[in-house]
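Copied over from TrEMBL, here are the features:
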ACT_SITE  Cys289  active site, nucleophile
ACT_SITE  His761  active site, proton acceptor
BINDING   Cys155, Cys158, Cys175, His188  Zn(2+) binding site
DOMAIN    131-239  domain 'UBP-type'
DOMAIN    280-799  domain 'USP'
DOMAIN    587-628  domain 'UBA'
DOMAIN    662-702  domain 'UBA'
Amino acid sequence: DSEGGLYVCMNTFLGFGREHIERHYRKTGQCVYLHLKRHVIEKVPGASGGALPKKRNAKLFLDLETNGDLNSDDFEYEDEAKLVLFPDHYEISLPNIEELPALVTIACDALLSAKSPYRKQDPDSWEEELQASKHAKTLVQLDNGVRIPPSGWKCSKCDLRENLWLNLTDGSVLCGKWFFDGSGGNGHAVEHYKETGYPLAVKLGTITPDGADVYSFDEEEPVLDPHIAKHLAHFGIDMLQMQVTENGLRDNDIKPRVSEWEVIQEAGVKLKPMYGPGYTGMKNLGNSCYLNAVMQAIFSIPEFQRAYVGNLPRIFDYSPLDPTQDFSTQMAKLGHGLLSGQYSKPPMKSELIEQVMKEEHKPQHNGVSPRMFKAFISKGHPEFSSNRQQDAQEFFLYLINLVERNPVGSENPSDVFRFLVEERTQCCQSRKVRYTERVDYIMQLPVAMEAATNKDELIAYELKRREAEAARRPAPELVRAKIPFSACLQAFSEPNNVEDFWSSALQAKSAGVKTSRFASFPEYLVVQIKKFTFGLDWIPKKLDVSIDMPDFLDISHLRARGLQPGEEELPDIAPPIVIPDDPKALDIDESSVMQLAEMGFPLEACRKAVYYTGNLGAEVAFNWIIAHMEEPDFAEPLVIPAFGEAASSGAAAFGAVGLDNQPPEEMVAIIVSMGFQRNLAIQALKATNNNLERALEWIFSHPQLEEESEPALDMMDMENRANANTLAETGSEGPRIKDGSGRYELFGFISHMGTSTMSGHYVCHLKKEGRWVIYNDLRVCASERPPKDLGYIYFYHRVPS
């Protein structure tokens, strides 16, 4: 609520705006609420040049999602808390020890002192508190002749090439511990400190003209090094010169930029900032650039704009009691922030003149901060709820699944991505075939490395790189493999071997091949370049390639044709399910696991799918994944069942689960004690897999079901067991598709920088009003050199025939 503050129920601890609190009281009978209100004191210029305080209420709905800093020098605020008793609205100001029971006082104090979700999720909260190290000024650096090359680093005590730290005393390059920056290491940097006492180290890969990440082993925390430029120069790393090069030289004086980070972010090119509706940036919440890039692309599509921003008044009017837990509300709110232009305004001329006169740069508070959006959509997901880097393709599919499950009106905006894939599987021995159809949202193109047009250059580069690494010299200038797009498209259309294919014609395993074609073409075609693969150590790796992606794409020749004359279909017989007497004796087929993991599914989910389908191949395991991807433990590690449980586990794996999942009586009693009806409590628990917190959220988002009776429970339970594909269906008519021409035009792409999905950075380029624009978190600029050949996910829209 923009003026009324927030009311927190002292029994359920759910928060409500002013317009919903009366409804909650009538519905539940709960009568004690904590009323929180924040008054922001904004300093405005006075006549004498001073600052006069101007008091206003904090807007708790939209303004707190912007990138404004209410703790900056421009703002001060006062918090007001009262205890409100319904129905008389009797108010008791806090603190008030005399009038309140001890338990009530303790509960109020706990609520008032708890961290808000904004503070919990804001990684900048600790970065702003970094202190200068006590060792920085007096640091002794050994004159041992060590010079650090610009690339090709590896730990001097092991072969690790990631999470490397440069000791600022002796120049040793060593790996960090596994928990630093979410990446792995053997702790050699810490061991070196314990042996030598050299206190400061800088993380390689974080050095920029603006600074670097420095850690003090002695102080046991990240620190600032005011003399970092001098300390790095001791080992041949010249930060200051790098800054002069980027800002002071002519383009023809600059060495050609081939680094993925430089090319994709268009470093070294002066980019013009863009402002206004559709040109709003998003704050990086700590490795949330994957979310930022995907949401910028999503809200550039008219169907999503109409569904959420166009329907914003209706969505807000009909939002549930707790709008923070409503998908449509959060999508509409984010879309409004990105498209309204309210958070993307150019600086005033007076501000620019003041900055120039004071020789300081004051950052503009433009852009939105999607904290609440991320907190809601990632809730319960083991990966997206963390602050680790994630795969943008996996998040895109996850988001589309949420859109499918939370329709807005009669038409779902995700329909524009949906298409049908026809899969033709042929038994190589009997020559019989089987045609099946499945729903998909992304066209995954393999990288045809064997078709590289610069193989001689690649061979020469690899030899030079190995020689430089052995001699500890700087690596040679990067040579990137150039792959024709036509070769990738050809690789997509060619038949693939089916591992462990079971032929129903032979009633045995046989060799099989599968070919995929489009049974329908979507309105918007999303193309993923399968750059990520797995190394021998199961660490995801990325293929650094350049692909000449076309501006106009025609895939009409990939239209499916169905069963052809002369083809004989395979018998419709399911393979036998073989479960060993000792389940632990079953070896997991790692090749099938790898095939599924390369599709973007979590590794542990792939292992479970292969295990529970008895190693019958990737195709059968894929169907298991589709049927179980909504389960809360979908990505949890595989737990081998104990002896005697295998049969029940196997049955559950194929969906043979009864509907008798009566919720625990103690959970039902808790919800009933809050004032809700028993049948509604049971219905909510069944709909949320007996999760108490989600059940309460479900009740508030389904107020119309309060009076419904018990017979509807089984249907609700069956609906919640539906898999991702059947969610897209309408009755018995099948999935909603928007078939049409197979001709498309490129309008956007998402690029990834880094060596794997577990690290790096994402940037989005979109074509708007006839020109390309780069969206790099908060920075939105006109693109001068859009790197269309280095993208990871491409967005095409259909061209009318």
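Just so you know, glycine gets a Cβ as well, placed from its N, Cα and C.
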Practice item. Run through the Cβ atoms and count how many others sit within 10 Å of the one on Cys155 (Zn(2+) binding site). Key: 21
Practice item. Enter the number of other CB atoms within 10 angstroms of the CB of the residue listed as 'active site, nucleophile'. Key: 25
Check your understanding: Just counting, how many other CB atoms are there within 10 A of the CB of Cys158 (Zn(2+) binding site)?
Key -> 12
Practice item. Find the shortest Cα-Cα separation between His761 (active site, proton acceptor) and the recorded positions Cys155, Cys158, Cys175, His188, Cys289, and name the residue that gives it. Key: Cys289
Review point. Would you list the DSSP helix, strand and coil counts for the residues of the domain 'UBA' (587-628)?
Key: 30 helix, 0 strand, 12 coil
Point to revise | Distance from Cys289 (active site, nucleophile) back to Cys175 (Zn(2+) binding site), taken between C-alpha atoms, in Å | key: 25
Review point. Other than its own, how many Cβ atoms are within 10 Å of the Cβ belonging to Cys175 (Zn(2+) binding site)?
Key: 27
**Study point:** Neighbour count (Cβ, 10 Å) for His188 (Zn(2+) binding site)
**Key:** 21
Review point. Tell me, what is the mean pLDDT of the domain 'UBP-type' (131-239)?
Key: 84
Exercise for review: Express the distance between the Cα positions of His188 (Zn(2+) binding site) and the residue listed as 'active site, nucleophile' as a whole number of Å.
Suggested key: 30
**Study point:** Inter-residue C-alpha distance, Cys158 (Zn(2+) binding site) and the residue listed as 'active site, nucleophile' (nearest angstrom)
**Key:** 31
